[in-house]
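Undergrad: I'd like to ask some things about the structure below.
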Amino acid sequence: MENSQLCKLFIGGLNVQTSESGLRGHFEAFGTLTDCVVVVNPQTKRSRCFGFVTYSNVEEADAAMAASPHAVDGNTVELKRAVSREDSARPGAHAKVKKLFVGGLKGDVAEGDLIEHFSQFGTVEKAEIIADKQSGKKRGFGFVYFQNHDAADKAAVVKFHPIQGHRVEVKKAVPKEDIYSGGGGGGSRSSRGGRGGRGRGGGRDQNGLSKGGGGGYNSYGGYGGGGGGGYNAYGGGGGGSSYGGSDYGNGFGGFGSYSQHQSSYGPMKSGGGGGGGGSSWGGRSNSGPYRGGYGGGGGYGGSSF
């Protein structure tokens, strides 16, 4: 399970006075840090009230997570797995959920296989593979429910997982209304660099998925959902081996090419979902190696810094 991204943690809600040495001093108690940074506004050089620490191995990062909540310089900070810049604009990338979508499941994959595989990231409460209500035919996708948010975050950091010899795609299961509202990470805007809104994922249970109705889980591609957008395995233009076949129409034509039918899941509206504009963290700066996932109207450190 060793993955360098799993060793990197995001720390939000820092005291504006917290320095990198102060941050390092606190988190070194849990292991060896290979990197530590407090993100600052490039113009004013003032802290944007969030930062990152990177441990030498996953076990040390896990120990820091397990010790939450953390208080640094008088502030109770929020600790979570850092999302890579590449992934930060994905719908729901910063959402706080316990439920993951798993796509690209072949017919020989059972729910027990999902539980066995994903248990390496934390306790799995259950797994389900979605089947057509009429025919009982598996539709090529399912969901995994974890006991806590960090386990889901860890599993989601690894975008593609090998299960039963097949590569499957994993994403956070974020309801469409939370993506549109920015509830997957959007907090209230703060211009003072303080806590602002913490963006707790829309304040609703993320585990209530509507599987029926007309349309697929269209944030997640042509996996279909009650009649629209069947899953076609990793082929271009609907090619490849199909789960759902012509009965479900629009095939999966590559990652990110998702059906646009009405459903309980939806495509990301510009500025929503916790990436870029509308994230929980930071101001408007897009400079430096930490731009992308934490810049733009967030709750930690507003645009005035």
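Glycine is no exception: its Cβ is also placed from the backbone N, Cα and C atoms.
Note that the coordinates shown come from a computational prediction; the quantities given were computed from them, not determined experimentally.
Dumping what Swiss-Prot says about this protein:
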MOD_RES   Met1  N-acetylmethionine
DOMAIN    7-86  domain 'RRM 1'
MOD_RES   Ser68  phosphoserine
CROSSLNK  Lys80  SUMO2 cross-link
MOD_RES   Ser84  phosphoserine
CROSSLNK  Lys96  SUMO2 cross-link
DOMAIN    98-175  domain 'RRM 2'
CROSSLNK  Lys98  SUMO2 cross-link
CROSSLNK  Lys99  SUMO2 cross-link
CROSSLNK  Lys106  SUMO2 cross-link
MOD_RES   Lys133  N6-acetyllysine
MOD_RES   Arg139  omega-N-methylarginine
CROSSLNK  Lys154  SUMO2 cross-link
CROSSLNK  Lys159  SUMO2 cross-link
CROSSLNK  Lys172  SUMO2 cross-link
REGION    174-214  region 'Disordered'
CROSSLNK  Lys176  SUMO2 cross-link
COMPBIAS  181-200  compositional bias 'Gly residues'
MOD_RES   Ser188  phosphoserine
REGION    262-305  region 'Disordered'
COMPBIAS  269-281  compositional bias 'Gly residues'
MOD_RES   Arg284  omega-N-methylarginine
COMPBIAS  290-305  compositional bias 'Gly residues'
MOD_RES   Arg291  asymmetric dimethylarginine
MOD_RES   Arg291  dimethylated arginine
MOD_RES   Arg291  omega-N-methylarginine
Undergrad: Looking at the recorded positions Ser68, Lys80, Lys106, Lys159, which has the shortest Cα distance to Lys133 (N6-acetyllysine)?
TA: Lys106
Undergrad: Can you check what DSSP calls Lys154 (SUMO2 cross-link), collapsed to helix, strand or coil?
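TA: Going by the DSSP assignment, Lys154 (SUMO2 cross-link) falls within a helical segment, counted as helix.
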Undergrad: I need the least crowded one of these modified residues (Ser68, Ser84), counting other C-beta atoms within 10 angstroms of each C-beta.
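TA: Checked Ser68, Ser84; of these modified residues, fewest Cβ neighbours within 10 Å: Ser68.
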Undergrad: Check the domain 'RRM 2' (98-175) for me and report the mean pLDDT.
TA: 93
Undergrad: Count the residues of the domain 'RRM 2' (98-175) that DSSP assigns to helix (H, G, I), to strand (E, B) and to coil, and report the three numbers in that order.
TA: 20 helix, 33 strand, 25 coil
Undergrad: Determine, from DSSP, whether Lys80 (SUMO2 cross-link) sits in helix, strand or coil.
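TA: The residue in question, Lys80 (SUMO2 cross-link), is strand (DSSP, three-state).
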Undergrad: How big is the gap, in Å, between the Cα of Lys99 (SUMO2 cross-link) and that of Lys106 (SUMO2 cross-link), rounded to a whole number?
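TA: Cα-Cα, rounded: 20 Å.
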Undergrad: What's the CA-CA gap between Lys80 (SUMO2 cross-link) and Lys106 (SUMO2 cross-link) in angstrom, rounded?
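TA: Approximately 32 Å lies between the Cα of Lys80 (SUMO2 cross-link) and that of Lys106 (SUMO2 cross-link).
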Undergrad: Count the other Cβ atoms sitting within 10 Å of the Cβ of Lys98 (SUMO2 cross-link), across every protein chain shown.
TA: 21
Undergrad: What does the structure give for the C-alpha distance between Lys96 (SUMO2 cross-link) and Lys172 (SUMO2 cross-link)? Integer Å is fine.
TA: 9
Undergrad: Cα of Ser68 (phosphoserine) to Cα of Ser84 (phosphoserine): how many Å, rounded?
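TA: Between the alpha carbons of Ser68 (phosphoserine) and Ser84 (phosphoserine) there are 22 Å.
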Undergrad: Reduce the DSSP letter at Lys96 (SUMO2 cross-link) to three states and note it down.
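TA: Note: Lys96 (SUMO2 cross-link) is coil by DSSP, not helix or strand.
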Undergrad: By a simple count, how many Cβ atoms lie within 10 Å of the Cβ of Lys159 (SUMO2 cross-link), its own Cβ left out?
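TA: Neighbour count, Cβ to Cβ under the 10 Å cut-off: 17.
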Undergrad: What's the CA to CA span in angstrom from Lys106 (SUMO2 cross-link) over to Arg139 (omega-N-methylarginine)?
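TA: Rounded to the nearest whole number, the Cα-Cα distance is 9 Å.
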